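Q: Dropping the structure in here first, questions after.
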């Protein structure tokens, strides 16, 4: 009886492959443990905090340490905080600002915010270069929304964000649109007595409204018109490195990630650590974040980043973050769908082997997630995109226009490859796109109900 030896190279190759697999698993687990520890205020956070305090002296800026109310009032605006409860129980702070110099009836504009930002972050810059302030300077009644999971929406009628993580953080920006935006729009209409509001959507804020209108078409009748700054329905065409990495890392283990207890991707503890670093090394922090996530720092006031980072990242869910990655991978056929619970290498394998049932079937009643129908979106829309936006490039904007049927004259290009996605919010030089948006709104509603008051000029500092 003869025996055959396995080739030496084959055995060595298997050992190398096994070593690589173990290394990847170990790296994933160790990174997850550290992130979980910092996010939940564990010993890693306690160890790092005094080191940061000792190594980096705090910078001096008059806006450091200000609350959201202080930020608005210090710029000369009237500020109000309102409490709104969504249909599914999330309690959200809705912030209102307006210029008291305008005595006439002010048209209400609702502002939908990007991922990781809150209303405080939107108001953390100067009066003459902040979109919310510029709208208020032109007589609008500005209502700044917040989204579940951020620092102004971490309460619920039944759920506790610490004790009930798996349920509290079970959402994507589709849910933010369908429930959070709808509740806040209804509240503004009730408070102002108006029949319709204008809407300014910034990045995820625009995506959330698109989702709301697809899910609940009746809200078309409540929106006068919309402007979208770097908005998207999917991010299939993105060049952004961070999103590409997210998709690559999360696709194999989507199902496992959703069972991970620390579903709050960025909570108050991790945010406080970022605050400490950026309040002391503002320029370095600004350059790092901008280059890590976006393409240019030309328009970013990096010396103010310590102030910005006091109010961001404001918090989101891991599920929402995974959905961003899914959006790049699964919506390239043009059919923008809701969250895919069955997406992932291991999940597909288990389904193929009949070792588990379809979570999509349990959740939606179908093997594929429902399509967010663009034909249900019927409001006037102005789309803004920039040559320097690698997160939502021109291809993404043109796909929105094609899907919804937006005419070419309602697509506005910012012809500047130094203007990145972040600059729609933080921008020390340009406000022309905001003035252009205001003119668009004025063309929708005629006659316009107000003009600038005596002694008022555009963008007073």
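A Cβ is built for glycine as well, from the same backbone N, Cα and C atoms used for every other residue.
Pasting the feature list from TrEMBL:
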type	residues	note
TRANSMEM	16-36	transmembrane segment
DOMAIN	68-112	domain 'Partial AB-hydrolase lipase'
DOMAIN	135-408	domain 'AB hydrolase-1'
Q: Please work out the helix, strand and coil residue numbers for the domain 'Partial AB-hydrolase lipase' (68-112) from the DSSP assignment.
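A: Here the numbers are 7 helix, 22 strand, 16 coil.
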Q: Mean pLDDT, the domain 'Partial AB-hydrolase lipase' (68-112)?
A: 95
Q: May I ask for the residues of the chain that lie six or more residues beyond the domain 'Partial AB-hydrolase lipase' (68-112) and have a Cβ under 8 Å from a Cβ within it?
A: 62, 118-120, 122-124, 126-127, 131-133, 135-137, 139-148, 152-153, 155-159, 175, 179-185, 187-189, 191-192, 194, 197-202, 204-206, 208-209, 224, 311, 441, 445, 449-450, 453, 456, 460
